[in-house]
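Student: Sending over a structure as structure tokens; questions will come in a sec.
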Amino acid sequence: MVEAPSPLPHQNDTYEFCIILPPRINSAGIWENLAYPSTMLTYSLPLLEMQIVMIFVSSHLIYAILKPLGITLFASQIIAGLFLGPPIMGKLNAFRNIFYRREFGVEMIDAVSVFGFTLFIFLTGVKMDVKMAFNSTKKSVVIGIISLLSPIVVGIVLHKTFNEHKRMNDVIKTERIVGTLIESTTSFSVIACVLTELKIINSELGRLALSSASVGDLSTLFLVQIISLSQDWATSPLLALQRVLVAFLFITVLFFVFRPMMFWIIKKTPEGEPIEEVYIVAILMVAIGCAIFTHWTQQAPLIGAFLFGLAVPDGPPLGSTLINKFECFVNGIFLAVYITASAMRVNPRKMVSNPPRVKFSIISFFLTFLAKFISCFIASFVSFMPFRDSLAFGLIMSSKGVVELAYFTTFRDNWVISEATFSVAVFAILVNATVIPLLVRFLYDPVSRKYAGYKRRNLMHLKPDAELRVLACIHWPENVSAMIDLLDLTCPMKESPNVIYALHLIELM
């Protein structure tokens, strides 16, 4: 119940909200009120479960329909969010009672989705090898930095061009700067998801893209911190120094206290045995605690979870165990809820009501995309990469995904960017996530060229006195004796010897 008394003398409205304490969480099921089974939806937990089920079913149903066309799961989840949003399904009373209840509607699903996205960012940090960025080749470093700077330069030029004709207020300037920075990012997790979806993550092109994306991701993090510190310094130099000190201590504790502790856990675990559950739960709780700590220091909570993920030793047994235990649940449930709930915020009416912002946003998103694509294409083509591969590489490095969607959603919720700009950004991300995978599949086919160099290299074309080169793959020690017996059957001689390349197979985690 909401009561709205008459305004006070100073024209301030006072609203009284009546809430139930303790909150209604668990229901007695449909048997609680047979005449009105929907009564169970007045409890928070059944309502949350109903929201998750509807999001999961709608997104996967749309994906099943669009998958033969080459549409990715991420794009299908955005389409599901647009379908479930206020312009379409939100007009139905029954649907509004599920997602837009006055007591706990969108706020509850938003809280759950943000928690899940924090875990996703933590797992991204776990999968990311920091040494990959620091040990990258010169080509990867150049491409990673160019992919960040070129859209920023184009965004600045575009901002100056539009600023000449009309004096803008600080709100619009901030919105345009934020939009340019988001469009300039090159997210490691987004690139990895695109490469996994295209099944080329272990190809030569995929490895170069991951290496360049890791450089671009860390460069973006560094640039954002520099901009934030410069703003704090302009406000209060003492506050800026305090935040630098806190950030330095936080990173020091992560990499010189928690990381050695996790190596101790690995050393304590017997070889071949899984990590104990108590350690897994403790690491997960510390990740959530790091997110809370960075939020308490007025930084983005995702930064804390991501940095702690970087401190976790990647690969088996610890990093791979965390990924195996949580990735399926986080990506399959929480991430889908976050993407769909973010897309449900889109309001096409705001786009029509604010044409100037929409016009600038469309031009800005298109030109920054071209700047990133052309710069990455030229940098790779100059490095003697084939023309079609360079085009595919430029498209991959220009991909947008859940990280950019999260940035726009956060700034929209904090009223940094308008609803019109947010709506345009979501549609731009949807077009990007739909078109780029289709074009990359057309341009880059690793299967057709996989064995191109081995067409006439077989037993039939060997010279009589040539050596026989054999790749002996061994998984377990028990395979060695059987492999030796098999090699003896080839009857190697001095005139035609065998050359054995022994490869110890280890599961890639």
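Glycine residues also receive a Cβ, built from the backbone N, Cα and C atoms like all the rest.
Keep in mind that TrEMBL annotations are predicted by a computer and have not been checked by a curator.
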Student: If you check TrEMBL, which stretch out of 29-48, 69-88, 389-408 is marked transmembrane segment?
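Tutor: Residues 69-88 are the ones TrEMBL records as transmembrane segment.
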Student: What same-chain residues lie close to the transmembrane segment (69-88): Cβ under 8 Å, and 6 or more beyond its ends?
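Tutor: That would be 54-55, 58-60, 62-63, 95, 99-100, 193-194, 197, 336, 339-349, 401-402, 405, 426, 429-430, 433-434, 437-438, 441.
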Student: Does the transmembrane segment (278-298) come near the transmembrane segment (108-128), with 3+ Cβ pairs under 8 Å (pairs 6 or more apart)?
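Tutor: Yes, the stretches contact each other.
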